[in-house]
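Quick notes on the structure that follows.
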Amino acid sequence: MAFDLKTEDGLITYLTKHLSLDVDTSGVKRLSGGFVNVTWRIKLNAPYQGHTSIILKHAQPHMSTDEDFKIGVERSVYEYQAIKLMMANREVLGGVDGIVSVPEGLNYDLENNALIMQDVGKMKTLLDYVTAKPPLATDIARLVGTEIGGFVARLHNIGRERRDDPEFKFFSGNIVGRTTSDQLYQTIIPNAAKYGVDDPLLPTVVKDLVDDVMHSEETLVMADLWSGNILLQLEEGNPSKLQKIYILDWELCKYGPASLDLGYFLGDCYLISRFQDEQVGTTMRQAYLQSYARTSKHSINYAKVTAGIAAHIVMWTDFMQWGSEEERINFVKKGVAAFHDARGNNDNGEITSTLLKESSTA
């Protein structure tokens, strides 16, 4: 039976009648944020799988900000299986004592596109902290970069090693994850044009990026690793103490190029450094890259990572709308220049040379 999980009444009916949960109706709240899901926090009078507060994500078939940007609702099953996989392989997260974690997956209902998971509590995203005044402390930024870089390297290591295991091979079939990346890459040319950049290399760049993400089986990638999908738990009364890092939104998790996770997070760091706080963004980028290089069992393809960073810059500079129009124009031009460096394997290019220098100090 299908329920309307976009409304509070429909949600409560679903939880009480379909799942037989004892819901505290005064503790039901729709959460803001998120581009493609309706998300609720629900307080319970009696525990569900040991939890008295849960999160329910109801998948929508399009972006909340753009109904023409379609995205299959079956993506939620991949998120559910991804967070279950991470909890079953805690060494990827850094072990039981590690500070990197994911919410516990509790239930997935295919008919209603409903994913229920652990409520990890009310905390701010990394994006919230890097855009705050004053911004995140540099020491915390360094620790965040180090921890996430190590986590991603371990994810890529195990993804390569266990590619043929059924529970890993499953993610090769995340067609929505692949096509969503394709749709994002298709924004590169119009985004560049919006800032007056019409470069004949861009169609070739987009084709190469799309071909790679649609067909690569290199390793397991999180594929949506940016500051808006990372929660930080700081010690109460002691904001200089980082207790936990939660990685959210695993819907796009799939087999693909390792450079996707590197380019996405490092590209986000470049945006933060340019438009928010240079020291925080740079520190986090360096720590991430160095930690990844130390932990990864495979060498980094710097040309592909440079292209990934360039793609992130061109795709997201306009979306974030940080800085002035002139600053955004210059930054998009920097991204396009990086495409040329990646294409020509130019180790002396601004971004590529920085990556080589910083990772060599690992």
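Keep in mind that glycine also has a Cβ here, set from the backbone N, Cα and C atoms.
Under the three-state DSSP scheme, Glu251 (ATP binding site) falls in the coil class. Neighbour density for Glu251 (ATP binding site): within 10 A of its CB lie 28 other CB atoms from the protein chains shown. Residues or ranges marked as ATP binding site in Swiss-Prot (evidence: similarity to another entry): Asn37, Lys57, Gln118, Asp119, Val120, Asp249, Trp250, Glu251.
DSSP assigns Asp224 (active site) to coil in the three-state reduction, outside any helix or strand. Neighbour count (other Cβ atoms within 10 Å of the Cβ, all protein chains): 22 for Asp224 (active site). The active site annotation in Swiss-Prot covers Asp224.
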Largest pairwise Cα distance, Å, within the listed ATP binders Asn37, Lys57, Gln118, Asp119, Val120, Asp249, Trp250, Glu251?
18
Within 10 Å, the Cβ with the most other Cβ atoms among the binding-site residues Asn37, Gln118 is that of Asn37
